[in-house]
Amino acid sequence: MDFIGNSSSKLNASDKLLRCDTMGTPADNQSKYDYRIDLDCLLSLLNISPDWDESGLIFTDKVPRAKLLTFGLDLFSYVTPVVLVLGLIGNILSFAVFMTKTMRKVSASTYLAALSAADINTLVFYVLVEWLRRGLPHVNSGTSLQFLEAEGVCQIQLYISYISRFMSSWIVVAFTVERFVGVCYPLRLMRRKSRRVLLGLLMTGALLVLYKPILSGSISIGLYPFCGARKESTHVSFILDSMFGVVTYFLPLMIITILNLLIVRTLFLRKKRAFNLFNEVTKMRLEFTLILFVISFFFIAFNLPFFIVWFHMQITFQPGLHHEASDFWPGVMMITRTVFYLNFCSNFFLYSITGAYFRTELACLFRLRRRCQRTSNRNKRTCGGVETMTLQHHLFSSKSATNGT
């Protein structure tokens, strides 16, 4: 989610303009800098367009940047590349595993494969682009990739990144609903509907965020272009971005939390009755349910701090008002934003820790035949998926109906 303010920044011609990519280092090697420009750069990083007024927020020269702000910028600049590398590798491997013949027999695999694809797009079109815009110049002063701010590139990148983030959140919701139906109402489980659900989510997201490229473009902050809301549409964009934040983060958090509590309650009440129904299908489904719990926990842990700080800044940030700790919340925002990025790289490790079937298929993917064959024999299936799970699924459904589950 992005932050949109009221208009482009306004600075006196006598002010020395400093490049955002030096983050407050004077361009002419003098010993002083204008703190407003430094904060301009930070706010552009958060996608807030500041509106400085000479009668309002005025900083004196030689004001040091707060330690929290510096820490937040360093954390963003140095941790984000690690998130990118691990996230891309992990999500590609996860996608390949969930698309194997054996894993495709369970509808939940379709959702997790789609989640991996959505996270890859988010990493490329959102996390990577933001790091190239803000983190790389902070690490390597003087680096500037102005083509990212150009008309056309700006709108396309924003549109894809918004769709990807919407999909990343709502695929987790769809996966949660699928597990909720599978656990609480097993006889009503709708098979082969996952692709239609995903297509519906994609179409909804594409229409929902269509406003973003329409209202955005290449604007100027000081002497430099910036991809953000156009001046005449900042108010509308602010409202729609706020709605996007609620729909993409707050609403999924609520749905996931409520459904997980209902799943836990159902499993607890059914614990004794379900004991005699254990077979390969139920084991795999329980494993996917465990994966759901872990994914949901970290989804909430990584998203909630970012959403809280974002919401606080949305309702309290007022350009033109001076306060001593004006960079405290931007610093906190940078920290929670970096933690938020972990949401797009952690799933592979969560699958590997909690999913025995995932580890087995991952081993098969790397052609570790000996290990794969041992595990396959224990689970009465082969690495190539010779024995399918369709017959087992129907047998399980019949047995469930007979036992009144």
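Note: Cβ is positioned from N, Cα and C throughout, glycine not excepted.
The transmembrane segment annotation in TrEMBL covers 75-98 (among others).
The domain 'G-protein coupled receptors family 1 profile' annotation in TrEMBL covers 90-351. For the domain 'G-protein coupled receptors family 1 profile' (90-351), the model's average pLDDT works out to 85.
Taken from TrEMBL, the feature transmembrane segment covers 110-129 (among others).
If you look up TrEMBL, you'll see 197-226 (among others) marked as transmembrane segment.
Same-chain residues lying 6 or more positions outside the transmembrane segment (246-268) and placing a CB less than 8 Å from one of its CB atoms are 1, 165-166, 169-170, 172-173, 176-177, 179-180, 183-184, 208, 274, 289, 292-293, 296, 299-300, 303-304, 306-307. According to TrEMBL, the feature transmembrane segment maps to 246-268 (among others).
Residues or ranges marked as transmembrane segment in TrEMBL: 288-311 (among others).
According to TrEMBL, the feature transmembrane segment maps to 348-368 (among others).
Panel annotation: around the transmembrane segment (110-129), residues 80, 83-84, 87-88, 91-92, 94-95, 98-99, 104, 148, 157, 160-161, 163-165, 167-168, 171-172, 174-175, 178, 194-195, 198, 291, 341, 344-345, 347, 351 of the same chain, lying at least six beyond its termini, place a Cβ under 8 Å from a Cβ of the stretch. Residues 1, 3, 106, 108-109, 112, 169, 172, 175-176, 179, 182-183, 245, 249-250, 252-253, 256-257, 260, 263-264, 267, 329, 332-333, 336-337, 339-340, 342-343, 346-347, 350-351, 353-355, 358 of the same chain sit 6 or more residues outside the transmembrane segment (288-311) yet have a Cβ under 8 Å from a Cβ within it.
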